[in-house]
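Below you'll find the structure, written out as structure tokens, and then a few comments.
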């Protein structure tokens, strides 16, 4: 990962600020011959789109994606639009850049935001809506992820919100069907009902709350990843940690593994039907020694509460003067909700990259 | 990160297997003119060395480091050995490769180990002592870290074990001096006393246990890191996750932040003496928007229990036949202990790289 | 260099096909605080623009550039638009995609073009106007180069055409002022007059001809570049060779150096006024051991004749059948002419990258 | 290419100085399962070894290579030593570091050498024998190249010296068998006879002379390379330019192509037997649009005369004082000779990398 690009053979470079002209990405290294329509990318973007419920920011952005390059169709492709192996540029124009008074955010450092650190690093910043540090950038990731999903044959990538504030779901209730039935991407219908009331309270308080997201990839072939600094779990950790407001990442049992004894943490094996071992448990989250085992790859990450709140906080301004600050405007009371499709996209990009790298180094074994 | 190299301007490439001829690393991009003696590297290696207490593996390795290139001294340098800006190759020869019968590990997949995944990826593996997947590789990291510590002026990097199995330390007892007084790198003397009894029990049971390590870097200048995929926390997450047996990484409050409300998670600011804001708390762990704030950088990670245990576990062999397996030999009952100096090394390498990258893009602001 | 990105700290990723929706680039790693207006980029693009004389393709493209991200202005910047350190995305929409019958180029492999090799690699290609292999992509490079020119303080980068077909200029006549006075970017007025007649003949014959371009960077500080695979000349060679139709690259005396004796090739030194050596000659082209010496950096490269000609050539089609082929359409009879501003752009990008890398590793010495 | 590493999936990092403890390389990303013995690497090193005739330096170095990691053998591999997919570290210890008085070279800047530029960049340098800038580093490349030759199935890579000083070979006399019959790697027996007399004269004069080397790879599958900055020819240009003393690189007809007309430069095609086009000429040197065509890949490069000569030259010392300088010691009168095996190694490394990258992105088409 370097600046604004991640991946090696499947490489994504994103650009754009919250209130700039446009944001987007260049997806480089996508294999040729994959069917790709703007509608498919749009469908993923629509899942992340703001303003879909009272629980996400009321910014009105259609987030309409435009494919600028890298695809082709003619009668020989049967009219289907296919990737060509050249870079796929995707652009989303910003439309709802509400003209407003930015004088406060311009001069102040909002606690929990990147205002101070950007200034400390660069000496200036595009402060409108948070500029480059806004979670709006994740729209570009979701677009790239829609391409990445095409790369590894036979995989399924799904994410869900498994904790809001202090309230974890009951994993016994997990139903993937439920994820689409509530505005929280929550797989537990009971928890979703609770979250509705809970988050309304938070929102009315002008407060915010954190969350935990879980992403699961099924059908990952064994062998993806590499020792030592090309580990699949290391790349996934970086990918998830790069999402705005994320403060922790776990693979499989994660931090809970620290409290286990060796015999309880061992994923025992029996003979499988397909010549592969059949694992009796998946404490490891599908990754051993940095390489996929064929079991589901399971990643969880923690999102801190949205830093923009209506409760006054102590801070300083650019001139070093002490101030009290509240952050008005359109915000997600639980920014973790919209991180769910972003997490799927990051998982898809990392797996696509490792799939191509593995195929390069080892051939078609996987 | 790519295969066996990490970093961009400060780049470390490691090589070597547990029972091969030698292991080591090439440190590329180290600034010129830094004093560097083999003894300084050796001092760090000695902290990680096996066989120093009954709580770590009894393998007898002097882990003697040799500098093969990249340093120079003459009368003009006053006899001091200085880095020259060219690659610094460091080599540690393996000496205690006990000749033993590897037939069992050769043909079997030890649960929790990378035996199966290496075979699935590469079709063959150096199984002696775990080969490339052995934690022995971390000696090379510690050596590289000793160089990296020289790069960022004025920083202090320290790590400690803060949880063993289910037993967390009492943070009120935290005393950095204690870390050197017990074989666990534990900053809480009471906890260290407990761990002694506890780990003896684990060891006698032929079992093993996990741990949590915390690494703190003080004196990090604000401005290190970069949006979006060059985030300091993303690189730290990858670095720590790349250490053997690590299953989770947190920055600052980490997973606990998910349960907080926005007003409790905000790191409020007041005017500081040096023109910088003074932060009243550090929930963020010294990183905002992927860029260092000047506050201590705080990272925690979970290590799973050592997979090599004497309790029989179900598994399969290379031919797919079902077996019962115990892993004899010399093992750390809590592999997290020796991860402490490794964690410091990884922190040092990541900060060195980001310091140089920052200085490149922005100049000497930081 | 990897796929469609080059550079390490100053990184350029380009996208787009000849007849696609748009082409452009993302410039990542540009230092913050540099003034940058679209007009400045446009001025460079206008130098490369097609259809400016009867000696370049008659395609009518305004090549209007749009800055999508990475710049900011407000009252605090005095209304000036400054770079912010975040990625600068530049887009040029294609407007003159003449609707035409592509059936011939679709099914045939034009000699000297990349038609066959793209098909051999990817299995399909966007054949319209050559798709991604069209020299139209170089517009994106020129745009990126306009940004790169801002990075290294005090440098001057200029290029000129020094040979057309077999006709070299008389270097005694070299006058930089002349470069802007003729449609060939030729610094020798006499040669330019000759080229006019010569190229008219070539054009009327339906033929084409090659050229040699020379690029010179003055004011390059000593110390840019790095041993062994980060050599400044190696990166320049790759950069120039990556321009369409380039078949050879030289630094300084280049191939002529092979025929020299050591004493004739030595660039002798005398004491300079500024503490640096004063070089009495510059056979080396400003680079010694891969690192800049402070002398002008001199690069020359050869461009092959445009492959699209009206003379029938033998070829095969996609089905392997033998055909005779002529390439109609709008072509540059000497594609080397428009390579002149592209060469400047590539020089600027490579120097910007090495300047930032040097500043990162070594500090502000250079 | 970055600092001391090149390649992406097949990555080589070299280290070491002329008179340091050892030099070597880490080859990362080599596919698993390839037979590799130290003897095979040694055979390539022996071709480059100094002191084999009176026409190369009289330094006595056995250049004995040691494999430190990345290979494995047991009864299951039939006792053959195979690569495992993990990094292959190769080390060559320096033995003939003649203890001598370096006071002159320590303080002086030898014309044509990197003495001044290293000092300008780093502020200090290991001046013994040229340190890192010595061509001795190319031993590590030759070792890496011996591994790289294993990667692409069915290719043949050969190089030859085709010009010494002003004397080009007669290409009609080209006989690959002759290359091993003379100390110049010259494929023309008549030219070799001439070179013997010619170079003796140069040597006795205390002078030196340049050369041109040609490298040809046969059996390269079509499809290797990538648009735009991953072009095969761009990577080859960088690879060859990175060899010490190289000042120019050509692909196919190279600079001669500039003087051609389009119809003479076109490589016409007829139907081939294997479904591929049969090219009637190879002006392009096997690369079109940056991608291999299946024709032989032909690269030529120019080496400047050795800078170390016995004729006094004007220079300055570190303190800026003007001096006259001659460079005594053991030198190659034509450093181009020993560049021949180095060129083969670089070709092998670049093709291995592109083969793996292609296989990653596109699959097994090539």
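Heads up, residue numbers simply count up from 1 along the chain you see.
Using the three backbone atoms N, Cα and C, a Cβ is placed for every residue, glycine included.
Because TrEMBL annotations are produced automatically, they should be read as predictions rather than curated entries.
Look at TrEMBL and you will find B:48, B:54 tagged as NADP(+) binding site. In this structure, residue B:54 (NADP(+) binding site) belongs to neither helix nor strand by DSSP; it is coil.
Residues within less than 8 Å, Cβ to Cβ, of residue B:132 (FMN binding site) and separated from it by at least 6 positions along the same chain comprise B:16, B:17, B:18, B:118, B:125, B:126. In this structure, residue B:132 (FMN binding site) is part of a helix by DSSP. Taken from TrEMBL, the feature FMN binding site applies to B:132, B:133, B:134, B:244, B:245, B:289, B:304, B:305, B:306, B:307, B:308, B:330.
Proximity to chain A, taken as a Cβ less than 8 Å from one of its Cβ atoms, holds for B:304 among the binding-site residues B:54, B:134, B:304.
By a Cβ separation below 8 angstroms, chain D lies close to these of the binding-site residues B:48, B:54, B:132, B:306, B:308: B:132. In this structure, B:134 is the one among the binding-site residues B:134, B:306, B:308 with the smallest number of other Cβ atoms inside 10 Å of its Cβ. Rounded to a whole value, the Cα-Cα separation of residue B:54 (NADP(+) binding site) and residue B:304 (FMN binding site) is 20 Å. Within the same chain, residues at least 6 positions away in sequence whose Cβ sits under 8 Å from that of residue B:245 (FMN binding site) are B:135, B:303, B:304, B:306, B:307, B:335, B:336, B:339.
Geometry remark: residue B:134 (FMN binding site) versus residue B:48 (NADP(+) binding site), CA distance 14 Å. On the backbone, the CA of residue B:48 (NADP(+) binding site) and the CA of residue B:308 (FMN binding site) stand 19 Å apart. The Cβ neighbour count for residue B:54 (NADP(+) binding site), using a 10 Å radius and every protein chain shown, is 12. A simple Cβ count within 10 Å picks out one of the binding-site residues B:48, B:304 as the most packed, and that one is B:304.
Among the residues the record lists as binding FMN, namely B:132, B:133, B:134, B:244, B:245, B:289, B:304, B:305, B:306, B:307, B:308, B:330, the two farthest apart have Cα atoms separated by 44 Å. DSSP assigns residue B:306 (FMN binding site) to coil, not to a helix or a strand.
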